[in-house]
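Undergrad: Pasting in a structure now, in structure tokens, and then I'll have a few things to ask.
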Amino acid sequence: MSLGQALRLYPKAVGWSVLLSTAVVMEGYDTNLLGSFYAYPQFAQKYGVQLPDGTYQVTAPWQSGLSNGAQIGEILGLFVNGIVSERYGYRKVMMVSLIAVVCFIFINFFAPNVQTLLVGEILCGIPWGVFQTLTTAYASEVCPVALRAYLTTYVNLCWVIGQLISSGVLRGLLSRTDEWAYRIPFGLQWMWPVFICIGVFFAPESPWWLVRHGKVAEAERALLRLTTKNDVEFDVSATISMMIHTNELEKEITAGTSYLDCFKGYDLRRTEIGAMTWAIQNLCGSTFMGYSTYFFEQAGLSNDFAYDFSIIMYAVGMCGTFSSWFFMNWFGRRTLYLAGLVAMVIIQFVIGFLALSNSSGAKWALASLVVVYTFAYDSTVGPVCYSLVAEIPSTRLRAKSIVISRNVYNIVGIITSVLAPYMFNPSAWNWKGKAGFFWGVSAFFCLVWTFFRLPEPKGRTYGELDVLFERKISARKFKSTQVDVVGNDVKDVLPAVHV
């Protein structure tokens, strides 16, 4: 099925997937909000301490605590989602999570001190953890192979949209000197959940989930709600039969659906790929983006210019995500991951060397390179990751595998969130741009792993991927191997030799 055919047949699936994925905007909004608040004078005065020079700073330990609070909550939410979404379905879990986040936002909005704010971040992190994996799994299950990469990577676009909105809101309120300068941005988070929850109430359940629970008739009705009516080329019975066949194939290969099964047999390799693919998002130096406003300010830019550069950076990130949709279609996932990591390794070492200079030109060049880095990240590693983590696991273990992968991401994120404030904070290590050397080395090791371990799933059905992993095909041979799903057989395609 071509991209055009998929769009004509599954326009409603695209709409429902986009609606659910929009919940990730809230997480992108809040995580960037906190990172930007550290450079916000009013927030620092309320929740920070006064330094000897008279300015206020949220201390490095509390910066780490607040940033990690949400991730701790997300870890809890991820494990909860891995259990309840497979039992109760994606729709019900999504609606309960949206209602919960409405309640938890009250804590952040009225937080009288930094300790209460930390509690609010932990509790908000629980539904955000649900959104992270549920939306990706839903998008991968309601759309055909031709649309799978676009709708799963849309999750990254939602993340960037949330970051862009929060930067714009903070820039607009920068002139306020009262407590509403930081309370209004917290309060704006209430505008998302109600709208999304109403939409989710009317959304169809995933046909794959219904098939896994033996509800074949309901799966047919759900599939009809996801597709164009009266399409002469579409056979709903054949599509459901394919789902049943794939489900039965995976039952034969993978016994049970516990978390332990993700570490058994060839599923261990799939879990490793998903976990590392997501961990690389934190290990490749994306800290520069998460703390961009604070980093720009500490690098020597004025407060106004720091927020202006952040807005430009996230706008460029949106363009990068849009471009990734074309790049994935042309080059595939593996090639994009490799190319993106090569670019990011080079950029971060250049940032490190520029930080050795104290000239005004070096500061502007350093800030500009962070914007270039953002485009490289958001056109490769950022969005492609969401496609990979949804495509690589087996359908029976997808929810749990994505949960494990995202929790690895969060654990690595906690480590990087502890390190980042110390790298940038003037009251701690004060590395500033010289942190580029550290993250450049980290990104290089990620590049080495990607070359040897990351396969190419582009154009593969879930049944084909099952056979490829079962037969232990090398990551570098995934693209050139023919698969017979019915016969459960594989055949290497070797390049022709001309004599």
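Cβ atoms are placed via backbone N, Cα and C, with glycine included.
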Undergrad: Give the range, chosen from 26-44, 273-291, that TrEMBL lists as transmembrane segment.
TA: 273-291
Undergrad: The transmembrane segment (151-170) and the transmembrane segment (311-328): do they have three or more Cβ pairs under 8 Å, with pairs 6 or more apart in sequence?
TA: yes
Undergrad: Suppose you look only at the domain 'Major facilitator superfamily (MFS) profile' (16-458); what would the mean pLDDT be?
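TA: So the average pLDDT across the domain 'Major facilitator superfamily (MFS) profile' (16-458) works out to 86.
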